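Below you'll find the structure, written out as structure tokens, and then a few comments.
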Amino acid sequence: MGNHGSNLDDILAEDMHHWYNKFMKESPSGLITLFELKAILNLRGMTETANSYVDQVFFTFDMDGDGYIDFVEYIAAISLLLKGEINQKLKWYFKLFDQDGNGKIDKDELVSIFAAIQDITRNRETNPEDVVSIIFERIDVKGEGEMTLEEFIEGAKDHKDIMDMLKNLMDLTPVLVIIVEGRML
């Protein structure tokens with residue numbers, strides 16, 4: 001998805017005080033609502049699928065479920081995306097992919113999420129259906145058409161090519177760059 005290495009290095013070099021100032025500039029109340037997040041990221045005219053994905057990301061990062069992302073949740077989210085351990089990232093991916101919350105992910109959920117990410121990042125290098133077929137072919141060894149968290153984590157960790165695909169598809173660097181640059185509507 002292009003070379004974002006220098007941007008990630010710049011983002012990682014930011015100190016906590018700087019992140020706090022950016023957060024408070026974007027949201028002086030100290031809380032970000034779903035509507036404000038979409039405004040900060042300049043997300044207008046999205047498809048319904050992309051809009052649903054942004055909602056899912058917001059609710060995944062709203063760890064206490066109060067309808068707001070506070071500074072602690074904001075930093076935790078950015079830290080996870082940039083520096084999180086692989087198990088943490090895979091658990092977060094799984095939670096994001098499990099749209100219906102049943103503790104399993106199926107092909108439709110994955111295709112929907114990957115297509116939505118492509119709508120937002122404008123990265124259309126990979127066909128979501130092809131990626132999902134490969135993931136399920138390699139990880140869903142029982143052929144059930146769905147995976148639990150444990151199957152997903154173990155399967156992804158056992159297949160470097162799947163990890164690489166997930167990293168590429170889930171690269172939210174463009175979103176983080178928008179946050180860092182502080183672009184508003």
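Glycine residues also receive a Cβ, built from the backbone N, Cα and C atoms like all the rest.
The annotation domain 'EF-hand' is assigned in TrEMBL to 49-84, 85-120, 127-162.
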For the domain 'EF-hand' (49-84), the number of residues DSSP places in helix, strand and coil:
26 helix, 2 strand, 8 coil
For a three-state summary based on DSSP, what are the helix, strand and coil counts in the domain 'EF-hand' (127-162)?
25 helix, 3 strand, 8 coil
